[in-house]
Amino acid sequence: MRTEQADDVLVLENIVRKFSAGETFVTVLKDINLTIKRGEMVAIVGASGSGKSTLMNILGCLDRPSSGRYWISGKKTACLSADELSALRRNHFGFIFQRYHLLSELTALGNVEIPAIYAGCSPQIRKKRAQDLLIRLGMGDRINHRPNQLSGGQQQRVSIARALMNNAEVILADEPTGALDKKSGQEVLRILDELHQEGRTIVIVTHDMQVAERAERIIEISDGEIIADNVAKVAKTKAKGQALQGKQNPKNQKTLGFFRSFAERFREAFVMALLAMNAHRMRTFLTMLGVIIGIAAIIAMVALGTGTREKILENFKSLGSNTLTILPGKSLSDPQSDKITSLVEADAEALSRLPYVSGVTPQVSASSTVRFGAVEVDAVIVGVGEQFFQTQGLNAVQGRLFDQKSVRDRAVDLVIEKEALSVLFPHSRESPVGKVVQVGQVPARIVGVIDQQHNGGMSNTLQVYLPYTTVQTRFVGTTQVRAITVKIADDIDSHLAESMVRRFLIMRHGEEDFFIRNSQLFRDRIMESTHILTLLVSSIAAISLIVGGIGVMNIMLVTVSERINEIGVRMAVGARQSDILQQFLIEAILVCIIGGGVGILFGLSIGGLFVLFEAPIHLIYTIDSIIISLTFSTLIGICFGFSPARQASRLDPVVALSRD
């Protein structure tokens, strides 16, 4: 049973550490029992492979023993979670490494501040303390220098300042002079002596007996066993109770609350992500490229689908919206339709009196020619009522449209399409209104010009319009009508109106010798087809975005592999698993968000090209598609960045630190 002493800071009992080697295990530490008291300066000495570094890793909670028990200031570590061990490292230990392990993207000041960020220290306090520590260690003129601008001795001093940032009570120094020249090594040992004099517990791991002799106590280890534990000299530290009570102890300073601390760590992760992206600009751009292309394709395809739909709707207006067209026969392909004579002008008059009908026009047609001077063209002569133009949404851009009087008097008032001007009057800039043209054998006066083609541009045949009574008497020689167009009131459902019109005409004719074409049904089918086509093309674009996301994941896996040493350093100074996860997840999300933003701009620029080259269809962008695309790119970053980030957060600190 262990008897706890008040000044025991590190206590190991029966510690064993084994590593697997294929199907066998190698025992590196064998039944280690060791107690280090508060304020001691201890040197652990041994040859390479003796197990001294493994022992230091267990002392610093960078590694877990295979068996045995370990207490830190009376707290048992065996059942602690990864984040609880991080808290112990953050609050109790400061690490000085042989290879310094400074982050190349940060200045000396930034490297020293890292432990305080994870401790939740406010920016002002941690910056002041980091500056004071660097000045104290003779680095005041190198505060803003990066590691590659510092000598080995200067880098080790920055490492010592980082170890002191959270006022650690235990300093663990692994071969602190191993990579330094003699003068720099002596300077580092002098600093460690000063820290010991302040009352800190110093543990030095070394193979150099001259370095070990600076300690009060020398522990020799060989083949994983302690073979000697000698007191070299009497401690000359501050009296117990005075150690580590300096006014600069950040634990005695005001720290940030949970949310502000989280926000500060998030800000640090964001800055580090930007620095990492800037350090590998070409790789970052190539990673973004897949996201850029995917987002641009989605934005452009959705805009193209919207533009196509609007163009179709624009053309569809010329065919009449919310209208019913009644035709003789069972269908357009009915061979008996020409023999059906029951559709007459009286049907149109009866339909016009229905309360849900806002306009009715009979319709007849004939093929003929239109001639003006030496110009003669084939044309379709369409006979319509005065309400035809209203039902079809057509307006006069010149002159007027014929009225009820023109229909009643069988006038030869002709209305032509605007597109017909360049055909009939190719060299004239005068208004055609009032001019007489020859329609077949009938002279007709042009009274108006309508603004768009009734056939929606789907036929090259010229169409001209006369009162249907005129066409009946002068062109077809019959009083029958070939179609009746019914305009439904705006507040009435066209499908309901269709069923009521069908019942009404069946009652009049005694049978269903007609069929009805509902413009709304035609419109719905066109919209459905357009929507399906847009979804299909957008799905293909989305696949390219997913491929881009896979590229992000691949690069993030490479990034984790390249920065594995950085991960170990951050964990050693107290970063939680969630901090590491956040660090790399933010980087992946940032790549995708920036790529998404550039992709949106690229997608918008495609619309400019359509305008520049006067394409018949313009891309129509919506704020919804832009927001959805940006959200989708963010989700790509989260989904494809989570696995590499999680892999990074679950690394063992000792494994990460051992990688070059």
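These residue numbers are counts, starting from 1, taken along the chain as shown.
Just so you know, glycine gets a Cβ as well, placed from its N, Cα and C.
From a predicted model like this one, the values you see are computed outputs, not experimental measurements.
According to Swiss-Prot, the protein has these features:
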DOMAIN    10-248  domain 'ABC transporter'
BINDING   GLY46, ALA47, SER48, GLY49, SER50, GLY51, LYS52, SER53  ATP binding site
TRANSMEM  285-305  transmembrane segment
TRANSMEM  532-552  transmembrane segment
TRANSMEM  593-613  transmembrane segment
TRANSMEM  625-645  transmembrane segment
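Across 532-552, 593-613, 625-645, stretch 532-552 shows the highest tally of CB pairs under 8 A with the transmembrane segment (285-305). Same-chain residues lying 6 or more positions outside the transmembrane segment (625-645) and placing a CB less than 8 Å from one of its CB atoms are 291, 294-295, 298-299, 302-303, 306, 542, 545-546, 548-550, 552-553, 556-557, 559-560, 580-585, 587-593, 595-597, 599-600, 603.
Here the domain 'ABC transporter' (10-248) has a mean pLDDT of 87 out of 100. Taking the mean position of the Cβ atoms of GLY46, ALA47, SER48, GLY49, SER50, GLY51, LYS52, SER53 as the ATP site, the remaining same-chain residues with a Cβ inside 8 Å of that point are HIS207, ILE221, SER222.
Long-range neighbours of GLY51 (ATP binding site) (same chain, six or more residues apart, CB within less than 8 Å of its CB): ARG17, VAL28, LEU29, ILE221, ASP223, GLY224.
Looking at SER48, SER50, SER53, the binding-site residues in this record, the fewest other C-beta atoms within 10 angstroms of the C-beta turn up around SER48.
In terms of local Cβ density within 10 Å, GLY46 ranks first among the binding-site residues GLY46, GLY49.
DSSP assigns SER53 (ATP binding site) to a helix in the three-state reduction.
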